[in-house]
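The block underneath contains the structure these notes are about, expressed in structure tokens.
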Amino acid sequence: MPSIVRLSGITVRNLKNVTVEFCPREIVLFTGVSGSGKSSLAFNTIYAAGRKRYITTLPSFFATRIHSLPDPAVKKVEGLSPTVAVKQNFFAQHVHATVGSTTEINSYLALLFSLDGQAYDPITLRPLTLYSKEKILAEIAAIPDGTQLTLLAPLPAGDILRVRECLRQGFTKILIDGEISPIHKFLATGVPVPSQLIIDTLIKNASNTPRLKVSLFTTLDIGHGECCLHFDNQKRVFSTQTTLPETQNTYTPLSPDLFSSHSHKDRCPQCHGSGIFVSINDPSIIQQNLSIEKNCCPFAGSCSILLYKTIYQSLADNLGFSLSTPWQDLSPEIQHIFLYGKEGLSLPVKLFDGTLGKTTQTHKQWKGVLNEIGEKIRFANKPSRYLPKGTSYTECPRCQKTGLSDYANAAKWHGKSFADLQQMSLQELFIFLNQLPPKDPAIEEVIQGLKARLAMLIDLGLPYLSPERSVNTLSGGEQERTALAKHLGAELMGVTYVLDEPSIGLHPQDTYKLMDVIKKLRDQGNTILLVEHDEQMISLADRVIDVGPGAGIFGGEVVFNGTPKEFLANSHSLTAQYLRQEQQIPIPAKRQTSLGSITLSRANKHNLKNLTVSIPLGQLTVVTGVSGSGKSSLINDTLVPCVEEFIEQGSCPNLAVQGKLSRLVHINRDLPGRSQRSISLTYIKAFDELRQLFAEQPRCKPLGLTKSHFSFNTPLGACSECGGLGSITAMDNQDSITCPSCSGKRFLPQVLEIRYKNKTIADILEMTAYEAESFFLDQPSIHNKIQALCTLGLQYLPLGRPLYSLSGGEIQRLKLACELSNPVKHPTLYVLDEPTTGLHTHDVKQLIHVLQSLTDQGHSVVIIEHNMHVVKIADYVLELGPEGGNKGGCLIASCSPEELIHKHTPTSLALRPFLSQHQELPHLPDLRQQPPIPAAIIITNAHHHNLKHIDVSIPRYALTTVTGPSASGKHSLVFDVLHAAGNISYAELFPPYIRQALIKKTPLPSVDKVIGLSPVIAIEKNSAKNSSHSVASALEISDMLEELFTQIGRPYSPVSGDLLKEVSPQTIAEELLENYAQGYVTITIPFPPEEDFFSYTQEMLREGFLKLYANEQLYDLEGPFPDCLESPALVIHHVKILEKNIPSILSSLSLAFSKSSSIRLHIENYGITTSKTYQLGLQDSLGNSFPSNDNTTHLCPFCHGNGSLSTFSILPYKNRFAEHTPLSLFTSLFPNQDPTPIYPLLEELGIPSIALFQEMDDHSFQKLCLGTLQNPGFDALCTKAMLAHPTTNFPTYLISETPCNQCQGNGTYTYEHCTRIHDISLSDIYQSDVPFLKKFLLSLGKDLPLVSDIFQKLELLERVGLSQVILGQEQSSLSDGERYQLLLAKAFSSGLTDVIYLLEDPLAGIHPKDAPSLLSVIKDLVANHNTVVVTDREGSLSKHADHVIHLGPEPGPNGGYLLETSAFRDLQPISQSTYISDQIPKLSVSVLTSAIQIDNLSIPLRSLSTISGVSGSGKTTLLLEGIYKSGCAMLEKDPSLFSEIIFLDSHPQPASSRSDISTYFDIAPSLRNFFSSLTQAKALNISASMFSPNTKQGQCSDCWGLGYQLIDRAFYAMEKRSCPTCGGFRVQPLVQEVVYEGKHFGQLLQSSLNEVAKDFSFLKKVQKPLQTLIANGLGYLPLGQNMSSLSLSEKIAIKITKYLFLPPKHPTLFLLDGVATSLDNQQKYTLLSQLKTLVSLGHTVVIIENHPAFSQYADFLIQMGHKTDKTSSRIIFSGINQSPSLSNKLE
């Protein structure tokens, strides 16, 4: 393990360039006063850094589903492992947030119902069994032999044609009314009643099995999927249909979605999934004589609000009624739809989008106004708040509160419905699961996962909760532990967990249970970071990091970092002083005297046992007790509603008050809005007064500034660039940067001109409460509210700090401060729920002082609390218990704290030390001996694919190689077992939707157990080659560069070349004043063209606008208007252009831009009217506008960010289309396109429309393709047609990608590649390589943080061998080796520790010169305390490994064993090279590009040529751009030298789930024909097509001919299970009756190629492909082996076999790119021998390969390298291999 984790230079929020260190596998306690920076350090720095680094290495489909954090402001991160956060979980307060949903118990149960549940018809309650043909056969097979069976098919009444057809097919009898009758009686009339056609009667025995199958299938065919079986006086009905005949309802199999009330489909149709139903009790609340337009329904949104008016009008248009129709005249159907909605009703609605500045159309699902109210109730903590008078809500009578559909509610699992299991306690559910009999392994895994989750909740003291329990009824402690159980159940090690005050709300008795869980997590090998205030938790910690010394700007420093004992002995921080009792919270010398009492009777909410409780008035009462004992139920759910009723109505039946009580203040755990626009000052209601104070300043009136201008939430005052947020998001990155326009001040410049006491409003928002308190001494109203913040310890808080950035403790005190800032004299009851949440002991002391001051004023305070400091100062204590849940709810103590400690209750034990005169110091043990972490990853009984139940031990923090022949099980062990297990384990830490995304393509591994896992990063060779992203983007270099250019780059116009200037309200106002002073300006915005003119004018009138500009004159907005209005525009302002009017102009411009993206100014100056249009962004001196560099429209509009354009061309392929005419080819390629544009071109060139291409001379054909000045060419017309239908598939050789001329290939808008730093643009960088960028960055200085980060990435690219790759090059254009090296660089760049890296043959195909550098990178990974496991086909890496695992001894079935030594065999040399004479024809190749410059290279034909060279030297470019294109040209001119070009790369052939070896090599048809010729097949009338698992007639209908079933286990990995119906044989049972040599066709498909070749030696047609496959070492493969299930080396070997071992008879040019890299040494030897054989047959082979053996035995050598200046590639050597060594063997 690394000795230390170190983060240095941290400047996040208030942290002052701190450095923090800790050791792995420690429990680190972050402490300090509230607001000191603990959360900023733990979460915003350490967690953010670890998560960002790990997620960027994961597949993009997962990374994009998590909102990745921006990089924290930290200079260096060392030794950090992947991080997982468990934050404070304030669950949504609505009825759908339940214990079951938040802990995923519901998800487990839903999955079990879908996998193993029994479906029932909800009407008839009849069990539903969805049969397949094979399942029906299985049912019949259970009937004893010798039983007479009669099969019948249903026959409908009155169908004469059906009767005649049955008679024609030979059927003679029917069963009608229980009697058998001849069918011919009903030829004329049809059967009078529904009857049954008798298909067959037979005795069940082995000899009749084929007959039974044929008869059954016939019955199902005639009965349209339904069959009736009579036997032994019994009747069974089978159906393959999902429609129940009795009800005509159609059902689908049970799925997890059915059991989620969040699903938009299959919810309860009455309550729409909420489980509640809102009804109208008083019909008079709807005024019958009023219309909807006149607001007849008071509980519906008012039509005076544009939003509701728009929606209601759309509803009226859709249903065909008028909003002005009185309610009583509307039809009952429309009334019902208005109130309760209609399923599937979607309304088109036009609404104004402020972000776009225009009206856009959207669609709204209409649920009905009462259901909308129901939705609000569902999400509300207090439903009564949203319930209108005259209405009520109840549990939905249809779904009984579940919110599920009737079908889901009717389902059963082991006799229990979903609702039954929801109502059990967690303990009862755990016992129920333990009593179940053993299940299928897949189901058992889900049950074990559910039991583990339940056990965790039970261990955390929550056995009494039920899954259906709403979270909003839980106490704070219960909520927190519910959240913890969700995260702490994984068994990973090497993870850094960051926990946010996990002890919040826990009783001291419960805290010890939590500590045991955290210790267990640490002992598994993880690092635990705790942000904590609980003094008990220090005894748990291995290290204490104290952040302070104060809060806010007075904190942000690490004041201590060491062991708890050292902390207690040496630290002078407030935390240590309180622990040493140098500072204390004093016990009151005298308790307050009671001023009366509140007596609450018959309290029975939830688990309360009908309590009667008396609470004294005028005192501070603490309600305490273990978690779940009923405290929240007593106070929040019972006392508070009763007191509210008493105050409102003067009495309450369950409440008796003796004394004075006239007011209630309930401060609960609900969080205020956390919008970026909500700040502390707005919450305490001081911002309005501050704005009014500024609006009253003398300068405001002449400048036209009002109170509204001093708000950053209105367009009048907010900065137009950032919208008043103070920051913007740059270049589509989530990182926010300070707004360059307002410098983070939020306001417009004219607003900031106003000052109060020489301070602007922005200056005041940056003040702390401490500074503001003295500043506003002369403003009592503002001062008192700010003073309340200081009183509660929030003096460090900036007044403008957004609420979303406050900690939990700060939120609690802010809410109390808001109340204290408005003191009242009326006797008030203050009810607080755990107010010490998140507070340091010093802050608790201040809070207690405030609470005591309330009782001093005669008020009463009731607190739910566990903090013993608060309990000890209470005047009166109520304790509930004795335990939680059903064992709680009793009042076990009601007395003073001094009396309580003499009782025997959980709280008394915890309170005694706090009331003792000499409180003991926390017990801190000596330095702990941590349990040893597993030294290895242990894999037990791995039997995936061909692994032979092996047990493997892989040492941690070491380099392990797995060697062996191809297909010996290396990939199965490393990727299919180890990677899958790690992937699934890590996914457990995330919510189901993220987990499903991560493991969707991860099949369940066949292994008993894998222990010692850490997070896994896997890099495989067969990764997709379709990424259009650049090389620079892979390592986020492009993001960093774009941020760098955003910060210090200067934009220039691509048109004029001059520096672009920004267009903003400020620049427009300056331009007006400079050029048009003393004139008049009319500021207008165009009328939205999609808006109704009349409606829009009325809307604008309501907003206060008065004028309209059109026809170059002004009109009143009320009208009248002329018949024709040209370019109507709304007038925002008309004003004289004077210096004093600039603030007014600025405000008007800002308002205009807030309503429209484009504005138009009409300027009158000296009698001349000038009109100008402006858009926000950038502009050059010629008036050309460009989007600003923070605008999302920065993608090039021509290539849409791709950087390249697709072009279509047939010019090089005249001979391929020789027999086509231009029209016939166009219409065949583009059948839906009009060919008319071709005619003018043909007419101009004088080419007849019926002329074939072969009839045209070369000049005419070229003209036709390229076109003329007047008419576009055929290629251009095809390109246009192709772009019109981009999804159409075309031959790839006809399409080429060319760089976009508009953006020079970088995909950005034209001005962006004109943004420059030192005359260098992004475009210049993206067209260059690593050395160029490093030189450029050095010119900027490495002191810039971004520059330093980019340098690290560039150095890694150099180390993996990619220094010469162009940074802007698309990843898809890289060679296979380069792409793999890039993936390695991406994974290595994270800098994480404790990660398991899985690499697939990293040195394969690498040039020997590149290998040492790449090996050093891998070694560095291990040195950084990671575990690296590598597959090594060649064994070249094993000599450098710390541990080697040998698998073998053979490929395929004879492999998969664990060996003691290597299974590699010595290989024999092959024949020498071919003599190349001068007479052998040669292929002349020239490539002259910026990347490679080769002129007149001559490659001999009929020989073997190799191309080798270091990475990035241009090998693939030479092969494709040079040799391939030159070969195509030679093929056109002289086909005699070779008649075909075959190109093969290292990627396997694409294969579907149905493609197998028998179909790929066309072996299956001959075998199917043979089987169909057998006597049994003819007797059963089985044709050849029925022997195919790919036809409907032949395939097993349960698995569709695949032989396996994929079991979708929702948030678990998919399970691939052998089909139980066909036994995995793929073909239907009837086909399996035909047997040859003891095997039916399904068994034949499972036979090896060796066996098939032997058994069918007489079938000459199949022998050649079979013998070729066997010769290539693939004889062990099954004939029906699915192509997609083969290993990479097997796929490549298959590909090689098809194209190289079964070559064309005519001379062919073979171009091979890295095909040998995935082969082991034996396969390389076989390939080399075959290549020599091909040459001897007259073929030509050119192969890219760095393995020395290929160069030794080649006829012609080409060695690639870089020019001395490294600007491009060149040939270092090319020539005949003069003396190849024949004695050397493959290494």
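Backbone N, Cα and C define each Cβ position, glycine as well.
What Swiss-Prot records for 300-574 is domain 'ABC transporter 1', and it gives sequence analysis as the kind of evidence.
Within 10 Å of the C-beta atom of Gly415 (ATP 1 binding site) sit 7 other C-beta atoms, taking all shown protein chains into account. Taken from Swiss-Prot, the feature ATP 1 binding site applies to Ala410, Ala411, Lys412, Trp413, His414, Gly415, Lys416, Ser417.
Annotated domain 'ABC transporter 2' per Swiss-Prot: 594-912, in sequence order, evidence recorded as sequence analysis.
Positions annotated as zinc finger by Swiss-Prot: 719-742 (among others).
The domain 'ABC transporter 3' annotation in Swiss-Prot covers 1254-1474 and rests on sequence analysis. If you take every residue in the domain 'ABC transporter 3' (1254-1474) and average the pLDDT, you get 82.
Other Cβ atoms within 10 Å of the Cβ of Ser1511 (ATP 4 binding site), summed over all protein chains shown, number 25. Sequence annotations record features per position, and here Swiss-Prot assigns ATP 4 binding site to Gly1509, Val1510, Ser1511, Gly1512, Ser1513, Gly1514, Lys1515, Thr1516.
The zinc finger annotation in Swiss-Prot covers 1596-1622 (among others).
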Inter-residue C-alpha distance, Ala410 (ATP 1 binding site) and Gly1512 (ATP 4 binding site) (nearest angstrom): 64
Val1510 (ATP 4 binding site), number of other Cβ atoms within 10 Å: 22
Among Lys412, His414, Lys1515, the most crowded of the binding-site residues [Cβ within 10 Å]: Lys1515
Spatially closest candidate among Gly1509, Val1510, Ser1511, the listed binding-site residues, to Gly415 (ATP 1 binding site) (Cα to Cα): Ser1511
Cβ-Cβ neighbours of Thr1516 (ATP 4 binding site) (radius 10 Å): 21
Neighbour tally for Gly1509 (ATP 4 binding site), based on other Cβ positions within 10 Å of its Cβ: 24
Pairwise Cα distance for Ser417 (ATP 1 binding site)/Thr1516 (ATP 4 binding site) [Å, integer]: 63
Rounded Cα separation (Å) that holds between Ser1511 (ATP 4 binding site) and Ala411 (ATP 1 binding site): 61
Euclidean distance between Cα atoms of Val1510 (ATP 4 binding site) and Ala411 (ATP 1 binding site), Å: 64
Winner by Cβ contact number (other Cβ atoms within 10 Å) across the binding-site residues Ser417, Ser1513: Ser1513
Secondary-structure category, per DSSP, in which Val1510 (ATP 4 binding site) falls: coil
ATP 4 site, defined by Gly1509, Val1510, Ser1511, Gly1512, Ser1513, Gly1514, Lys1515, Thr1516: further same-chain residues with Cβ within 8 Å of the Cβ centre: Ser1375, Glu1378, His1407, Met1760, Ser1769
Lys412 (ATP 1 binding site) and Ser1513 (ATP 4 binding site), distance between Cα atoms, whole Å: 66
